[in-house]
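Colleague: Here's a structure for you.
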């Protein structure tokens, strides 16, 4: 929930730069393009602009967080058997927002003097997903160099 809120806030600061015309595809550099599918209303992955992809993503994550079956709020109510799988999907998709921000909008982040906040947020995210093996290494490829730099002992 905290990562979702942080990413939502960070992306909110750059929405004027991430538009249907500036980001016609959801990418993280030239090698990585993401297509949206939620498995329910959009079953076959579709190409869409970054702002639309991120809107779909954030709405989908919010729906997961609000679902009492997936994220029970009452004490004693168990999490579902497939909770880990759902959490991994949420975190894999949230990573894509960080990847898009770093690859496509870092200049704007620097201009807004937000890079320290972005880096700290991302570093916490990386340590969390690494500690619990929540996102496959291949998914992290768009930001692997940055991850290596942020997580080395002498950084």
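Keep in mind that glycine also has a Cβ here, set from the backbone N, Cα and C atoms.
Quick paste from TrEMBL:
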type	residues	note
BINDING	18, 23, 100, 105	Zn(2+) binding site
Colleague: Where among the binding-site residues 100, 105 do you find the Cβ with the fewest other Cβ atoms within 10 Å?
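Modeller: Looking at the binding-site residues 100, 105, the Cβ with the fewest others within 10 Å is that of 105.
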Colleague: Would you mind listing, in sequence order, the residues at least six apart from residue 23 (Zn(2+) binding site) in the same chain with a Cβ closer than 8 Å to its Cβ?
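Modeller: Correct list: 49, 50, 51, 100, 104.
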